[in-house]
Amino acid sequence: MPSKRHILTAVAWPYANGPRHIGHVSGFGVPSDVFARFQRMSGNHVLMVSGTDEHGTPVRVLADQEGVSPREVADRYNRVIAEDLVALGLSYDLFTRTTTGNHYAVVQELFTGLYENDYIFTHTTKGAVSPSTGRTLPDRYVEGTCPICGYEGARGDQCDNCGNQLDPTDLIDPRSKINGETPEFVDTEHFMLDLPAFADVLGEYLDSKSGQWRTNVLKFSLNLLNDLQPRAITRDIDWGVPIPLEGWRGEANKRIYVWFDAVVGYLSASVEWAKRTGDPDAWRAWWQNGEAESFYFMGKDNIVFHTEIWPAMLLGYSGQGARGGSPGWLGQLDVPSEVVSSEFLTMEGRKFSSSRRVAIYVNDFLRRYSADALRYYLVAAGPETQDTDFTWAEFVRRNNDELVATWGNLVNRSISMAAKNFGAIPEPGELTDDDRRVLDASVAAFDTVGDHLNRSRFKAALQEAMRTVSEANKYFSEQQPWVLRKTDPERMGTVLHVALQLVSDANTLLTPFLPDASNRVHAMLGGTGVWTGMPRLEEATDSIGGEEGTSTYPVITGDYADNEARWESVPIRSGTPLSRPDPLFTKLDPSVVDEELARLAEAVGE
RNA sequence: GGGCCGGUAGCUCAGCAGGUCAGAGCAGGGGACUCAUAAUCCCUGAGUCGCGGGUUCGAGCCCCGCCCGGCCUACCA
């Protein structure tokens, strides 16, 4: 056995301007949890962190529309999202938020460290301001006529008609998308992250990942290196982390840009987790021991933040950019060892779109169907390496044919028969060649499935795991224990013993994908203790939103370290009492396809 | 406009240092069985691998052009 590894599972931070849909969790949620559970089962030390991303313009704008504070919007969706992720069974060690005092402190430390190492400088640009509110308008919220093609609905950052990049000051007849008024353009000073100073180190870094990362991630990132530009890391907005420098700290309308603070979340959440365990330095084992590995999970739209910007920030803070420098008090920080990006899920042939209500929200989904059914679908048919389409017909089919009929039925037929005839796991007699062959194959599957999981090939891993289930069904049908009951009861006992061993193994193989079902199968087979831990919601306290005093907010956490589940075939114990099991999964009536499609059509207004 | 990714059986998707690579599941057709949520098991037909060129003894897999879709292009996984 190789020594235990420290594996940071860093999961993309869902943005808190609404409930998340199943496309979101297909990208970061389910794959990261499958990975983390597998690594824990393999005996490794896993730290899985994430939280809601709450700063920035979208939350600010939504708050204005509703006439409430951004903090209220963030509180609301932080809770909604946390509840959704718990319901999905995602085993975070800590799922927190970006509005905690701890997060503010860590973000400001990163900023300060980069500033002191000379990787941040100031730059003056023209910004659009709303005359009536005095508030800065983001480029995207300025509309006007495109100076190049004449299209009237061009945005301040780009023209959707001709595709040219624009500056808001280029627009003819600029107007605010929020209230239609004509913006003023004023000088505004911003802090810039000097990305070009990291071109060389980033190049070496990415080159060292060649052959290891998915090619789309690598090629995309390498290409960006050719044209690295300094990147603004502050914005004219009042909803964000304050700039931790003399003369700026009190600036009410100038804050650190949301993307800068969001990526720091991986680190700040690790620090927060350590504080909560009572060992404030515990996070260091996953960030700076040189041996630790970090796996980042996200959708394809986020690649650049994880392969370019976040590494640059970590390197700069650690004093490893072109201008050198020395680490701040946190010490030297490790860059991501693996960036796992997924593609996008479409919905019955069209793009998910919250604004057009083409979406299936996680909480909506889980009200009617089980978390395992969704997890299964998202791994089996999700956008792992290319966009895939979610259809209700396929969901129902996967659920009925694969979960219920193939896996659920194997569990049911084998345990039922053993319970009815023996009341316990029967003692095996002498094993035949057929018995040995199928048992050997079952043991071998731990290597093949595990190999896929180690390489983040979740779809292939699940396919292999399900193949062992099919093999077990085949074995059961060929051995015909129901015939042996009359002709050779002892042999029937052996066949059922073998079948139950196959069920036990398959259940272990499927545990990362179907944690809830695996706990139930574990119990059905007479197992005790917690097989694989489920997350829970707790109320935590901290200062929120930079305000004085403390507030409570929900965090996701759980106990996973001492779980029973291990990535290996464990011999079942003859004589363990068995009773007739309840069905593992619920079969869906085909009519749900029409119902769901009607629901969607209604939502879209068709 | 630029960059990257994808376009494979009716459907959802695998495949790729270029030489059993034309695949799996489902749907369709036939058969076996009854332990099990009418579940399971076996057999079976379908494709000019987006289009047009090229490189090669040989190309879904390499090169060029084109068409379609997605993502990024400094505030949505």
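Positions of Cβ are set from backbone N, Cα and C atoms, glycine also.
Unlike curated records, TrEMBL annotations are generated automatically.
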A:1-5, A:176-180, A:351-355, A:431-435 - the range that TrEMBL marks as motif ''KMSKS' region': A:351-355
Motif ''HIGH' region' per TrEMBL - which of A:14-24, A:91-101, A:575-585: A:14-24
Helix-strand-coil residue split for the domain 'Methionyl-tRNA synthetase anticodon-binding' (A:425-526), DSSP-based: 83 helix, 0 strand, 19 coil
Secondary structure tally of the motif ''KMSKS' region' (A:351-355) (DSSP, helix then strand then coil): 0 helix, 2 strand, 3 coil
For the domain 'Methionyl/Leucyl tRNA synthetase' (A:8-414), mean pLDDT (0 to 100): 88
Neighbour count (Cβ, 10 Å) for A:Cys146 (Zn(2+) binding site): 22
Tertiary neighbours of A:Ser354 (ATP binding site) (same chain, Cβ under 8 Å, six or more apart): A:Gly18, A:His21
